[in-house]
Amino acid sequence: MMWTWALWMLPSLCKFSLAALPAKPENISCVYYYRKNLTCTWSPGKETSYTQYTVKRTYAFGEKHDNCTTNSSTSENRASCSFFLPRITIPDNYTIEVEAENGDGVIKSHMTYWRLENIAKTEPPKIFRVKPVLGIKRMIQIEWIKPELAPVSSDLKYTLRFRTVNSTSWMEVNFAKNRKDKNQTYNLTGLQPFTEYVIALRCAVKESKFWSDWSQEKMGMTEEEAPCGLELWRVLKPAEADGRRPVRLLWKKARGAPVLEKTLGYNIWYYPESNTNLTETMNTTNQQLELHLGGESFWVSMISYNSLGKSPVATLRIPAIQEKSFQCIEVMQACVAEDQLVVKWQSSALDVNTWMIEWFPDVDSEPTTLSWESVSQATNWTIQQDKLKPFWCYNISVYPMLHDKVGEPYSIQAYAKEGVPSEGPETKVENIGVKTVTITWKEIPKSERKGIICNYTIFYQAEGGKGFSKTVNSSILQYGLESLKRKTSYIVQVMASTSAGGTNGTSINFKTLSFSVFEIILITSLIGGGLLILIILTVAYGLKKPNKLTHLCWPTVPNPAESSIATWHGDDFKDKLNLKESDDSVNTEDRILKPCSTPSDKLVIDKLVVNFGNVLQEIFTDEARTGQENNLGGEKNGYVTCPFRPDCPLGKSFEELPVSPEIPPRKSQYLRSRMPEGTRPEAKEQLLFSGQSLVPDHLCEEGAPNPYLKNSVTAREFLVSEKLPEHTKGEV
């Protein structure tokens with residue numbers, strides 16, 4: 001029985017656990033649109049299924065009830081419901097309750113209570129006239145029509161808002177009108193003269209918290225009056241050659257002056273500070289005037305005027321040329337905040353509370369327009385970005401003003417909006433070394449910067465190598481690269497950067513040197529120093545042993561043609577031959593000429609031998625005449641061995657023996673003295689030539705026949721005539 005009951009209850013429990021009741025309506029609000037409807041709204045919460053909402057109302061001070069029904073599938077606004085006329089009357093008290101129902105159940109909101117007077121909302125009033133009041137300055141009168149759909153039994157409250165035509169900021173005025181007051185007008189005072197205003201109006205039941213919508217806007221203008229005043233400023237220029245100084249006067253309408261204020265002209269008068277009697281007056285319709293004042297201080301005054309009167313007098317003191325102005329601004333900076341350019345500064349003079357700000361575009365030529373504005377009781381100044389040109393550099397100066405004196409200005413440059421530079425810097429390469437180079441660049445023209453240059457970045461890379469970069473501040477226009485590779489090509493370029501980005505300049509190529517100037521000078525110095533030392537040593541050696549140096553550089557070659565052997569005759573020749581033994585101790589190198597393998601030397605030797613042969617031939621010719629009478633004749637010639645070269649074998653032909661290029665005269669004379677007088681010239685010549693065997697052994701073996709000799713001079717033996725006397729042969 002128990003199990004049966006449990007099985008029967010299980011589906012019901014599951015269904016109950018899976019049920020999702022609708023969310024409880026919250027934030028109920030009701031508005032009574034006068035003579036139209038009562039509309040209530042609420043927050044439905046999250047819906048998971050079809051939900052129907054029912055608004056239950058109790059009205060007529062609790063005596064009547066009705067409902068307003070809506071659902072999430074059919075109502076355009078599923079969280080709103082309205083009650084319509086004629087079942088809406090004022091005054092009355094209502095109770096409102098919202099009930100939400102879906103397939104899983106019903107849930108109700110809290111009960112809310114409403115007074116219709118407190119939630120009534122009327123139509124907006126209609127403005128039909130805005131006009132100035134004759135004879136009353138700076139005032140306009142607004143007239144409107146009371147809303148038709150407004151409680152007759154209730155007082156209304158109003159809000160009037162107004163602004164100038166060129167302004168976006170509204171000002172508001174609140175006031176109330178009695179339900180019995182038929183004059184629906186309001187006088188708006190404290191306005192600017194000759195200024196056009198925009199007016200709008202709204203109203204509400206005095207007890208209600210709901211305001212009507214704003215009325216349609218209407219425009220009106222205040223009456224014209226005399227000018228409000230002027231602000232005066234000056235631009236001082238350098239003194240001219242005659243001592244007079246040009247001063248440009250600038251003026252504009254005083255702050256707060258009407259935009260439409262009419263001015264017919266300006267009266268200016270000025271005089272030296274030390275003498276008011278020297279006053280000069282000028283009249284102009286322009287907005288500026290240039291005066292040529294002396295070197296002393298001056299006072300300048302001016303007014304503007306129109307048909308209704310004159311403005312208050314504006315005065316300005318012009319300091320003397322030699323007068324020193326005070327300085328109190330310590331630091332100043334500019335920054336961009338949202339859509340404004342903000343300039344801030346710090347002052348060391350606490351008694352200075354008025355400042356004059358001056359700004360103009362930084363262009364190459366003198367600016368045609370200069371803007372200025374005064375600031376009081378503050379150390380900052382702001383200007384809208386749209387009043388300045390983007391990407392243009394502006395010179396901003398702040399002048400401290402204390403009473404009638406103007407202090408030394410503090411100037412900076414600023415951009416209202418910065419961009420990327422239009423072009424990069426022009427780059428050059430200087431002082432190229434082995435491992436170093438200097439990169440120089442020029443500043444970008446002002447018109448191409450589009451911002452304040454904050455830094456420069458140098459990019460450089462070797463061919464096929466890794467790239468490097470160096471960043472320097474904007475005040476540096478050159479940079480030295482170090483640790484480069486010797487004899488390597490590089491590419492380099494410089495990027496100029498602003499706060500908005502950077503732009504690269506032109507890229508250039510360069511190649512490092514193989515040798516530095518120092519290395520070249522060092523090598524040249526070493527070589528030159530070595531040569532200098534060698535020259536010094538050579539000169540010193542030459543001074544110490546001049547003959548030796550001369551002999552080494554220019555060796556003396558004997559010339560047989562200049563020999564004195566031709567002058568040897570008779571006993572002199574014999575006496576010179578007797579010097580043999582004393583000459584034997586002389587070095588062989590002093591008696592002979594060493595052979596040389598070069599063709600030029602051989603030619604010289606050949607010439608010497610020929611000349612010497614001619615000399616001998618002449619000697620034998622002279623002696624033959626005197627020796628014929630002693631000639632034995634008839635004897636057969638025999639071979640005679642060279643008396644001075646016993647080592648030369650007999651039978652050697654003349655061609656096999658070498659030629660000695662030099663025959664000492666004393667030995668030739670000795671041979672001549674031992675020969676018989678009757679010997680034939682040919683025998684004498686052969687006998688005399690056999691004296692050449694005095695040369696060293698190696699010359700005897702390696703000699704070659706000389707074609708210039710009549711007979712071969714290489715022979716080591718010669719024939720003696722058989723007709724020679726016996727004692728002559730023996731002597732030979």
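Cβ from N, Cα, C; glycine included.
Residues ASN93, ASN380 are shown; Swiss-Prot lists N-linked glycosylation site for one of them, ASN93. Residue with Swiss-Prot feature N-linked glycosylation site, selected from ASN27, ASN166, ASN473: ASN166. Of the candidates ASN67, ASN71, Swiss-Prot marks one as N-linked glycosylation site, and that one is ASN67. Within the set ASN183, ASN283, Swiss-Prot records N-linked glycosylation site at ASN283. Using a Cβ-Cβ cut-off under 8 Å and counting only residues 6 or more beyond its ends in the same chain, the transmembrane segment (520-540) has close neighbours at 549. Look at the domain 'Fibronectin type-III 4' (319-416): DSSP puts its residues at 3 helix, 54 strand, 41 coil. Along the domain 'Fibronectin type-III 3' (223-315), the predicted structure has mean pLDDT 91. For the domain 'Fibronectin type-III 3' (223-315), DSSP puts the residue distribution at 0 helix, 48 strand, 45 coil.
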